[in-house]
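> Okay, here's the structure, questions in a sec.
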Amino acid sequence: MSGLRNTSEAVAVLASLGLGMVLLMFVATTPPAVEATQSGIYIDNGKDQTIMHRVLSEDDKLDVSYEILEFLGIAERPTHLSSHQLSLRKSAPKFLLDVYHRITAEEGLSDQDEDDDYERGHRSRRSADLEEDEGEQQKNFITDLDKRAIDESDIIMTFLNKRHHNVDELRHEHGRRLWFDVSNVPNDNYLVMAELRIYQNANEGKWLTANREFTITVYAIGTGTLGQHTMEPLSSVNTTGDYVGWLELNVTEGLHEWLVKSKDNHGIYIGAHAVNRPDREVKLDDIGLIHRKVDDEFQPFMIGFFRGPELIKATAHSSHHRSKRSASHPRKRKKSVSPNNVPLLEPMESTRSCQMQTLYIDFKDLGWHDWIIAPEGYGAFYCSGECNFPLNAHMNATNHAIVQTLVHLLEPKKVPKPCCAPTRLGALPVLYHLNDENVNLKKYRNMIVKSCGCH
């Protein structure tokens with residue numbers, strides 16, 4: 001198969017993914033065992049060796065950067081960001097990083113049981129059966145309910161507690177009232193679920209015993225007809241005096257109301273009382289509940305799980321925006337052919353059967369390591385090769401493809417051979433900074449080829 005045909009098939013894969021033609025300039029088509037160390041186009045020289053075909057120019061990299069930003073749904077790259085090492089010490093980014101690692105490790109393997117209290121429920125739980133990935137301090141960082149929500153959502157956003165000029169403390173006790181800025185949530189996102197996470201450290205409390213049970217309740221703060229505060233209960237969770245770890249409370253109804261009417265966002269209030277004394281509120285500090293003045297890694301935070309609109313836009317739409325950008329940012333290109341910009345070579349290899357090849361896009365080469373946290377690059381892979389008779393078992397051929405191959409042998413001019421195409425696709429999670437306060441995790445479905453076959 002010729003280098004030209006291999007590249008054409010790679011273009012077809014990229015076009016089907018909505019990435020556009022220009023992203024081809026940023027891929028490395030290498031066998032899985034080979035790692036590209038420089039951005040450019042790599043080809044097989046016919047001797048099972050991968051060689052550099054063309055180095056990316058600065059203009060190429062600029063085009064690629066525009067394409068990836070549009071692909072991520074971001075108007076422009078974030079600037080003036082703190083280092084990952086500093087930002088990832090905070091509780092909310094650490095949660096998303098944990099989610100990212102779980103998605104990459106378990107993609108395609110998470111079949112969750114039904115949960116009656118999943119969407120917009122009023123009951124929350126502690127999920128004490130979760131394994132302790134980072135020791136006792138990070139108990140229940142990712143719960144079974146989270147795993148279900150992760151599977152159902154495309155976008156996961158975290159919100160750290162912030163001080164708002166219109167938010168006063170209630171009942172003169174610091175730490176009970178929290179406020180989250182949700183103004184960055186796009187209007188076309190559908191809310192699947194929202195959770196509040198607060199950290200309990202029994203070693204900091206008064207009652208270090210399992211015999212003392214407490215109920216933690218979270219309320220949405222509203223404004224009554226006379227301008228007075230109202231409190232609508234959202235959910236509750238029971239805990240004990242000796243518990244150390246994260247508590248999870250469902251706040252879906254609260255976040256939904258704030259997204260519909262932003263002026264109604266007056267924050268939430270956290271109440272606590274002994275199970276046997278519901279009429280008497282206890283201090284949060286007495287049961288070791290951590291409030292907003294503690295270390296970054298134990299700060300309370302809110303998680304929003306969303307279903308976004310189609311995240312990968314049509315190629316035609318992408319091309320339209322590229323044309324507009326070209327008009328507003330004209331760049332002169334050299335017309336002469338240089339060693340780094342030559343036509344694709346003629347075929348140097350024999351025809352190969354349908355198989356998976358490596359297609360790699362390196363984010364780090366664009367200088368985006370300061371805002372894209374993970375991954376460093378995009379290993380998409382693509383399907384390439386012929387579907388010739390006989391179709392072997394490793395070609396994953398459908399019954400129809402087998403029949404079509406036989407008919408092609410009889411009528412080669414009337415019936416084409418089956419096509420080499422993906423048979424299984426996986427998701428690509430991307431973790432990135434919006435700014436110093438917000439980190440997003442987007443999951444792009446059907447972005448990574450897992451296997452190929454003849455169809």
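Yeah, the Cβs are placed from backbone N, Cα and C, and that goes for glycine too.
For 1-36, the entry in Swiss-Prot reads signal peptide. Annotation source Swiss-Prot lists compositional bias 'Acidic residues' at 108-118. Residues annotated as region 'Disordered' in Swiss-Prot: 108-138, 316-345. The feature N-linked glycosylation site is assigned by Swiss-Prot to ASN238, ASN250, ASN396. Residues or ranges marked as compositional bias 'Basic residues' by Swiss-Prot: 318-336. According to Swiss-Prot, the feature disulfide bond maps to CYS354-CYS420, CYS383-CYS452, CYS387-CYS454.
Provide an account of the burial state, proximal residues and distances for the features listed.
Within 10 Å of the C-beta atom of ASN238 (N-linked glycosylation site) sit 14 other C-beta atoms, taking all shown protein chains into account. DSSP classifies ASN238 (N-linked glycosylation site) as strand under the three-state reduction.
The number of other CB atoms found within 10 A of the CB of ASN250 (N-linked glycosylation site), across every protein chain shown, is 25. Classification of ASN250 (N-linked glycosylation site) by DSSP places it within a strand.
DSSP classifies CYS383 (disulfide bond) as strand under the three-state reduction.
Mapped onto three states, the DSSP output places CYS454 (disulfide bond) in strand.
If you take the C-beta of ASN396 (N-linked glycosylation site) and look for same-chain residues 6 or more apart in sequence within under 8 angstroms, you find THR423, SER451, CYS452, GLY453, CYS454. Taken residue by residue with DSSP, ASN396 (N-linked glycosylation site) is part of neither helix nor strand, so it is coil.
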> Within 10 Å of CYS354 (disulfide bond), Cα to Cα, which of the recorded positions ASN238, ASN250, CYS383, CYS387 are there?
CYS383, CYS387
> What whole-number Å value do you get for the CA-CA distance of CYS383 (disulfide bond) and CYS420 (disulfide bond)?
6
> Measuring Cα to Cα, tell me the gap between CYS420 (disulfide bond) and CYS387 (disulfide bond) in whole angstrom.
6
> Applying a 10 Å Cβ distance cut-off over all chains shown, what neighbour count does CYS354 (disulfide bond) have?
26
> Counting only residues 6+ away in sequence within the same chain, which have a CB under 8 Å from the CB of CYS387 (disulfide bond)?
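SER353, CYS354, MET395, ALA397, ALA401, THR405, LYS417, PRO418, CYS419, CYS420, CYS454 - these are the non-local Cβ neighbours of CYS387 (disulfide bond), listed in sequence order.
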> Please state whether DSSP places CYS354 (disulfide bond) in a helix, a strand or coil.
coil
> Distance between ASN238 (N-linked glycosylation site) and ASN250 (N-linked glycosylation site) at the Cα atoms, whole Å?
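Answer for this pair: 13 Å between alpha carbons.
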